[in-house]
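Engineer: Pasting a structure below so you can have a look.
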Amino acid sequence: MITRAPNGRLLASRRHLLGLAAGAAGGGLLRPPGLRAQGRLLPPVAEADALVAFGHTSPVTDGGWTMMHDQGVQAVRKAFPRLRTIYVESVPYSADATRIFRQFVAEGAQMVIATSNYGDFIRDVSDRAPDVAFVECDGHAVTGNLGWYYITHWYASYVIGIAAGLMTRTNKIGFVGSFPIPSVYAGTNAVLLGARSVNPAVTMQAISINAWFDPQAATQAGTALAENGCDFLCGIMDEPAYLRVAEQRGIKAAMWNTDMRRYGPEAYVSSVTLDFRDYYVEQVRARLAGTWRPEGHFLTLGHGVDRDPWGRTVPPEVAARADAMRARIMAGYNPFRGPIRDAAGRLRVTAGEVMDDARIYQWDWAVEGVTGLD
Amino acid sequence: MTDPRHAPADGPPPIAPGTPPILQLQGICKYFPGVIANQDVSLDVAPGEIHALLGENGAGKSTLMNVVTGIYQPDGGEIILDGYGQSFAAPQDAIRAGIGMVHQHFKLVPAFTVAENIHLGWRETPFRASAKTLESRTRALSERFGFSVRPDAVVADLSAGEQQRVEILRVLARQARLLILDEPTAVLTPAETRDLFRALRAFRARGNAVILISHKLDEVIDISDRISILRAGRHVGTWRTADCTAAGLATIMVGREIVRRDLRARAPGAAAIARDPGAAAPVLSLRGASCRDARGIETLRDVTLDVHGGEILGIAGVAGNGQRELTQVLTGMMPLSAGTVLLDGAPVPLADPAAFARAGIGHIPEDRLRSGLAPSLDITDNMALREYARPPIGRHGLYDRAAAARLAGTIVAAAEVRVPDLATPIRNLSGGNQQRLVARREIRIASRVLVAAYPSRGLDIGAIATVLRYLTDLRDQGVAVVLVSEDLEELLNVADRIGVLFHGRLMATIDAATADMETIGLLMGGRSAPNGPTSGGGHA
Amino acid sequence: MAGTLHRLPTVTPARRLAWRAGAIAAALAITTLFLALSGRDPRLLADLVVRSAVGSRFGLEDLALFLTPLLLTGAAVTVTGRIGVWNIGAEGQFYAGAIGATAVGLFLPGPAWLVLPLMAACGIACGMGWILLPALARAYAGVNEIITTLLLNFVAGLLTTYLAVGPWHDRVTGALASTGRLPVRIPEIWGVVHWGFPIALAIVLALAWLTTRTRWGYQITIGGANDQAARYAGIPVRARILGAMLLSGGLAALAGMFEVAGTVHRLQGGLANNFGYFGIVVAVLARGSCLNVLPAALLMAFILDAGIVLQTQQLTASAVLAITGLVLFMIAIADELAHYRPVTVRRATTGAEARP
């Protein structure tokens, strides 16, 4: 009789939401969110009395996004052994999300961390619980007790893109994406810009499979891309299906979230790895100490997001060139600078202009050389 | 304990002395909350006998048979089969033991063919059987037991008599040695009844036994060897049929003397039949009325009749010859394909049962439980069915439950039905009580006409007398009554005129006072009326 | 044979209630057992559930918020059930109502006192429109409404998603896969509980009155109990089926309007949160009585609310669904068992012994 899961997650996926949100912002109507709001400090909390609650968008065993957040939760537990943590998996993108966050507050949480974008659903609760600190991954609003954070994954993608540009023989890179949303635009664009920085002949073909986790569709997409002559696959998926395709076909692949080399040791090049441990520990510490302030925060390269150690088939000189750029970025360099044209050939970023993180966060167009996204 | 040993030519076969009864019941008790359904019932059924079980509605006959067939577990007593004690945990055990029951309401799958129904749930059905195999097996069974059926026909298309033959054949095929028939002739034509009895005698001649539940005393006396009577759940006695008379049985059954009064005679002061020339127009008339069923077949053909106040018009005919359609046309339930319905001489534009009811036309439907009542609802809601829209129950679009309960109480009192509580679902009442309630309900609104279809079907003698008295009382008040019945004697006793339907055509309307069974029988068979009431061929 | 069962023709309400209480207790016992076996402390969980769901203000507010749509969808399914029709499509009509309400809310600027009633009216009209085709097909062609209403749920759900991410997608504040925030909202009366809650309560009470105390209700009841008898009594059964189904669609749609204008404030995919399907559960528990919808919806709301609490203890949402199913299953068994009464039978002596 009940034909769907109770949480009715049609669109509950974190990055989709993020993308659409930022996509709308790309219209230029949304100002970059205030990075720091004025607000009173919340009183300190003794570690033994503290309760920190996490709301996840998928199960902690998903092997990808939520698993990485869960490692952050584990780090918090380790850093504050007397503090209690609770979490809820698969928080739906519906009014039930509000209820879950309210329940966190009802159970006495002093800090609530949503590891995905819940927009109004978390805002409705945070406005009514001014004594509780709320942090939302991929959020946009900063209020007196609500802040947001996100990873600048585009820098890691750019570094991997350099390796792709050096390693491709066919000069065609394939990208298995979910939806045409800012995270994916930032991913494709960063990889291709990185590749073109060392090999201007490279082009990219992207396929959207309308899911973050669909091994069958990802396998089909990876196979189709390989058939089209792509010899380097990348994408943003929560599982390693297209890595297996690459392994079977003798081509290369780069992944997301975490180390996946065991699924295709020959094909594995690297991965955009996420690490929320330090950020969560620092946030919780600030809350306990009474110094927490709501803000918008980007986790930067080397501090929450990075490239995974290179695969064993990556030539040392390739690794060296890519890592040189990694070191430059970590030293403060921003490779996203004009001129950048979009897929239609229009000049979007003029020469000398630099795209800052806030702008990349809302990227909603593909750069020249990317096909299959628009 | 009597043991019939006499063996006429067509009668029971000789049975060796000492042969145990096929079925012996000893002190069977069965209780329902607040009801003693059976109390200490002991009787036996010998091989080679047809044993009739008589009793008023609610006397416990059906419960007893449900115990015998394993549908109920007895609360006390024992069932002894061929000398061995048995307990049936389920109906299947009883079937395996050779007891087969044919219920009053057939338990066939309407969408299946005859052959499929015969083989349904039967252990001997071949594992992989084509329709052809099943049909040929059915044909063989049909010949062996002397019940002719059409194996490939779909049950839904069969007449009641044909369905009953399928049901009996189904039971016989499972090697039943004791056949229990509940009211088997209620739905049969006289000819079908004769066929059934012939087959039952043949069944008996092979040393098997039959328990026959019936209300028709004449039939019982005609076919049975011994008769047992239940009254109020207790076994009153068992008699050899040869020693019984109909009047005597009826007396024992109801526990009181039944007086057959001349029902056609008007009470002093009763309304006269408004049929004289110059009197007002007939209350209800049909002019060339025809109608068709869903398949486009004409079920009522060019019927013209008049119903006058203060008379009872009987409608005779073998079931399925247009009676249902006629009653539905007369009560506004079915539109005509041709012709007109006249109410007080004025054509009725639309077939609307509510409007007919408002005009004072009551209707006791053929199948009360299916079309006259909502079985799951309580007595109150059911009794309000005709008057829910008029004060005091229905005012300003409301439904006054208190007023409805008062109405139900009035009807229940008038029907002399004892009920524990007006909130009892009506399906918990016995068939006789349901019929009385429906009859009283309809009589209340029948200020002009009452159309009563088979009002005595399935009732015991006492209940039949009551219902017929309702009709004559109504007639005496000047109401026109249309009585559809398959019981010719009843029609001849009660009706002033009798119309005979055959294949949807009204063959003739004859004066009941001068009509005889033979004439009506011929008309029912589709022959036109002979010249005189006594002429024509005799009935076989 | 030492004992046997026999079937009672009718069951008194008290008897049924007792059996149902037993069923719920049994379901809880089984749940407790499983929780204990998986290494959790059932007493601690029970304590948390009771404290959070009914012992705290947030819990009571959430209970009322759950109740609001459940009352309406439960009543929607109950109303058609009274005439023997199963509206499985309350979910779809819920979406249709939300879409209709959102259309007015987004594109018709005006004061709340004017816009809110218009949203409700438009939502109800959309819900009725959504069920119109199945209703006509059922009333006049005998097409099974279970299939048609069910299938339209998916259409409505996908249409909602399409509107929320497509033509009506929020272009102003740039948040989420939903339409923009509605400029008007149903006023709140107690915390997050808005006026939809008392209105839903009042509607259910009104329906209880309508179905048992009016001519229309009587006709529906007769039509549901035996449509042949209804035709015999001249009740326009088709018109009543059509009417009951339209009313049902309107009720479910109003639930959608309340949800979008009172709780979520945006139209988005997954908005119905299965309230339409839970309405079926409520209706099954209510056994055709609109008054019974109140306790049935309360039980369902409590289970859902308890589910939220349990999720913070790492019980997944599916476990909550399983508990719901278990409760329903046990109640279904109890309803049937309530018909039986154990009877001890004298041990039947065998025929051989009995014979001299």
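Placement of Cβ uses the backbone N, Cα and C atoms for every residue, glycine included.
I grabbed these lines from TrEMBL:
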type: TRANSMEM; residues: C:17-37; note: transmembrane segment
type: TRANSMEM; residues: C:63-85; note: transmembrane segment
type: TRANSMEM; residues: C:92-108; note: transmembrane segment
type: TRANSMEM; residues: C:114-137; note: transmembrane segment
type: TRANSMEM; residues: C:149-169; note: transmembrane segment
type: TRANSMEM; residues: C:189-210; note: transmembrane segment
type: TRANSMEM; residues: C:241-258; note: transmembrane segment
type: TRANSMEM; residues: C:278-303; note: transmembrane segment
type: TRANSMEM; residues: C:315-334; note: transmembrane segment
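Distances, neighbours, how buried they are, the whole picture for these features please.
Structural biologist: Using a Cβ-Cβ cut-off under 8 Å and counting only residues 6 or more beyond its ends in the same chain, the transmembrane segment (C:17-37) has close neighbours at 45-46, 299, 323, 326-327, 329-331, 333-335, 337-338.
With a cut-off of 8 Å between Cβ atoms, the residues of this chain six or more beyond the transmembrane segment (C:92-108) that come close are 69, 73, 76, 115, 118-120, 122-127, 129-131, 149, 152-157, 159-160, 163, 168, 179-180, 182-184, 248-250, 252-257, 259-261, 266-267, 271-272, 275-276.
Here the transmembrane segment (C:114-137) has Cβ contacts under 8 Å with residues 87, 89, 92-105, 108, 143, 145, 148-149, 152, 156, 183-184, 186, 241-242, 245-246, 248-254, 256-257, 261 of the same chain, all six or more residues outside its ends.
Counting residues 6+ beyond its ends, the transmembrane segment (C:189-210) has Cβ neighbours under 8 Å at 57-58, 61-62, 64-65, 67-69, 71-72, 74-75, 78-79, 216-217, 251, 254-255, 258, 261-263, 289-291, 293-294, 297 in the same chain.
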Engineer: When you scan the chain for residues with a C-beta under 8 Å from the transmembrane segment (C:278-303), skipping those not six or more beyond its ends, what do you find?
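Structural biologist: Same-chain residues near the transmembrane segment (C:278-303) but 6 or more away: 24, 53-54, 63, 66-67, 69-79, 81-82, 86, 88, 90-91, 201, 204-205, 207-208, 210-212, 224, 252, 255, 320, 323-324, 327-328, 331-332, 335.
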Engineer: Counting only CB pairs under 8 A, let me know which of C:63-85, C:149-169, C:315-334 has the most with the transmembrane segment (C:241-258).
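Structural biologist: It is C:63-85, which has the most Cβ pairs under 8 Å.
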Engineer: Which residues of the same chain, at least 6 past either end of the transmembrane segment (C:149-169), have a Cβ under 8 Å from a Cβ in it?
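Structural biologist: The answer is 86-89, 91-96, 98-99, 102, 106, 130-131, 133-134, 177-180, 266-272, 276.
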